[in-house]
Amino acid sequence: MTAAPVAAAAVRAAGISRAYGDRTVLHELDLEIHRGEFVALIGKSGCGKTTLLRALAGIDAVDGGTLRTPDVSTVVFQEHRLLPWWKVWRNVAIGLPRASARARAQSALEEVGLGTHADAWPVTLSGGEAQRVALARALVREPELLLLDEPFAALDALTRIRMHGLVRDLIARHRPAVLLVTHDVDEAILLADRVLTMREGRIAAAHPVDGTARTRGSAAFAALRTELLAELGVVEP
Amino acid sequence: MSAPVIAAEAPVVPPVATGRPAARRPRSTPYRAISWAVPVLLLVLWELLARAGAIATTVLPAPSTVLTTAWDLTRSGELPEHLLISLRRATAGLAIGATTGLVLGVVVGFSRLAEAFTDRTVQILRAIPFLAILPLVIVWFGVGEAGKVFLVALGTFFPLYLNTVLGIRQVDPKLLEMGRVIGLPKLQLVRAAILPGALPSILLGVRLSLTNAWLALVVAETVGAAAGIGFMATNAREFLQTDVIVLVIVLYALIGMITDLVARGLEHRLLAWHPNYVRR
Ligand SMILES: Nc1ncnc2c1ncn2[C@@H]1O[C@H](COP(=O)(O)OP(=O)(O)O)[C@@H](O)[C@H]1O
Ligand SMILES: [Mg+2]
C-alpha cells in the first residue's frame with residue numbers, strides 16, 4: 001500500500017473539515033478511494049456521511065484540508081431527482097452532446113433493463129424503475145467516481161435485492177470508483193470491496209471484504225456483520 | 001394578506017386544474033344526458049313563457065328573438081364591427097399586460113436585486129381591486145381606446161406576475177442541485193429545470209389573467225365607450241332593447257368560454273407530463 005502510484009487514487013481527501021455554525025461535522029477526515037474500488041460507508045444517522053459525499057461531489061465546499069476528485073463524478077441520491085417534464089430518455093441524456101445523446105441514453109437504459117421505457121414520463125415509473133433511470137443517468141457519463149447516497153433506502157426489500165445484483169453487474173462493467181453511503185450493513189458487505197465506518201467526523205475503521213464474506217449466510221459474512229454492528233453500537237439480541 | 005383583490009392568490013395546491021373526468025362506471029342512470037337536458041328544458045320553458053306573454057319583452061325577450069336579432073345585426077355589419085373592436089381591445093390589453101407580467105415575473109424570480117426593487121411595490125399595488133381605479137382611468141384617458149386597453153392590461157398583469165414569481169421560487173431545489181452536479185451551464189439549467197418547473201404556476205396565472213381581462217373589458221366598455229359590444233348594450237338600454245342586451249351578455253359568456261377552453265388546451269399540451277394529465 002505504501003507505494004501506491006498517485007494515478008491509482010481516484011479520491012484523495014486529506015484532513016478535510018466542515019462545520020455548520022459551531023457544529024463540526026467533518027473533523028480532519030482522511031479518505032482514499034482507488035480507481036475501480038467499491039467503498040461502502042456506514043455510520044449512525046447524522047454522523048456526516050451525506051456531508052462527506054456532498055463535498056466529494058463538489059456540491060458543498062470544505063472549510064479546510066485538501067481534496068482531490070476526478071473530473072467526472074456523478075451522484076445518485078436517495079430520491080431519483082428526474083425532471084418530471086422530460087421523458088425518461090431525455091432525463092438520461094441531459095447535458096450530453098446533442099448528436100449522440102439519444103443513442104447513448106437508449107443503450108444506458110437497456111443496461112438497466114428499461115430499454116422499452118425510453119419514451120415514458122417519469123411519473124409513470126415505479127420507485128425501483130425511477131432509481132434505475134437515475135443510475136443510467138449517472139453511468140451514461142462514464143464517471144470515474146460514482147457517489148451513491150442511500151440510493152436504495154426508499155425501495156421495498158425485494159426491489160432492493162434486485163437492485164444489488166444490477167448495481168454489482170453495472171459496476172463490474174464500468175469500473176468507476178464507488179462510494180456507497182448506506183444504513184444497511186448487509187448491503188455494504190454484499191457490494192463493497194471495503195467497508196468504512198464513520199464516527200465523530202472521521203473514518204473510524206476500514207474493513208476489507210473478501211470473497212467468502214460476500215455470500216449471505218456464510219460464517220465470514222455473519223462475523224463481519226456482527227463486528228460492524230458492534231462498531232456502530234448495535235448489539236443484536 | 002387578506003386584501004380584497006381580484007388578482008391571484010398564492011396557489012397552495014399544485015396549480016393545475018384537474019382536467020381528467022372521473023372514471024365512469026357502466027350505470028343505467030344517464031347522468032350526462034340529464035345534466036344537458038336541464039339547461040335545454042329551461043331554455044324551452046323560457047321561450048314558451050315569453051311567447052305566451054307571461055314574460056314581458058321589456059324584461060326578457062324570447063331566446064328566438066335574441067337569435068333573430070343576432071342574425072339581423074350580423075347581416076347589417078353592426079355586430080361584427082363592434083365585436084372586432086372589443087376583441088382588439090382585449091387582445092391589445094392582454095398582450096401588453098401578459099408580456100410585462102411575465103417578463104417582470106421572470107426577472108424578479110431570478111434576481112434578488114430586481115425583487116428588492118419591485119416586489120414590495122407590486123404587492124402593495126395589488127391590494128387595490130383593479131376595477132376600483134376605473135373613474136381615474138376615465139379621467140386620464142376619457143372614453144377613448146387607451147383607457148380600456150390600460151384597464152385590461154392592468155387586470156392581466158398582476159396574476160401573471162405573481163404566479164410567475166411564485167412558480168420560479170417553488171422549483172424543487174433538489175432538481176437544481178442535480179443539474180449542477182451534472183454540470184449543466186446556467187442557461188441550460190434555466191431551460192431544463194426552472195422554466196418547466198414554473199410552468200404550471202405560470203399557466204394558472206394565464207387563466208386568471210384571462211378572467212380578469214374579460215372583467216375589465218366588460219366594465220370599461222359598459223361604463224364609457226363609443227364602440228364595442230359593451231357600448232351596444234349600453235346603447236340598447238336607452239331604448240329598452242333587451243334582445244340586444246341579452247345578446248351582448250351571451251357573447252361575453254361565449255368569448256369567456258372559448259378563451260378558457262383554449263387555455264385548458266394549452267395546459268393539456270404543455271403539461272402532458274403532469275400527474276393530472278399523464279395517460280398511464
Ligand atoms: N445545511 C445544513 N445546515 C446545518 N446543519 C446541517 C446541514 N446539513 C447537515 N447538517 C448537520 O450535519 C450533521 C451531519 O448531517 P449528514 O451529513 O446529513 O448526516 P448523515 O448523512 O450521516 O445522516 C447533522 O447533525 C446535520 O444536522
Ligand atoms: Mg444522509
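Numbers here mean position along the shown chain, with the first residue as 1.
Cβ coordinates come from backbone N, Cα and C, glycine included.
Taken from TrEMBL as is:
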| type | residues | note |
| --- | --- | --- |
| TRANSMEM | B:33-54 | transmembrane segment |
| DOMAIN | B:83-263 | domain 'ABC transmembrane type-1' |
| TRANSMEM | B:90-111 | transmembrane segment |
| TRANSMEM | B:123-143 | transmembrane segment |
| TRANSMEM | B:149-168 | transmembrane segment |
| TRANSMEM | B:189-208 | transmembrane segment |
| TRANSMEM | B:214-232 | transmembrane segment |
| TRANSMEM | B:244-263 | transmembrane segment |
The transmembrane segment (B:214-232) vs the transmembrane segment (B:149-168): 3 or more CB pairs under 8 Å:
yes
What stretch, picked from B:33-54, B:90-111, B:244-263, has the most CB pairs under 8 A with the transmembrane segment (B:189-208)?
B:90-111
Below 8 angstroms Cβ to Cβ, which residues of this chain, lying six or more residues outside the transmembrane segment (B:90-111), approach it?
118-119, 122, 148-165, 167-169, 190, 198, 202, 205-206, 209-210, 213-214, 216-217, 255
For the transmembrane segment (B:244-263), what are the same-chain contacts with Cβ under 8 Å, counting residues 6+ beyond its ends?
60-61, 66, 69-70, 73, 79, 83, 87, 90, 203, 206-207, 210-211, 214, 218, 229-230, 232-233, 235-237
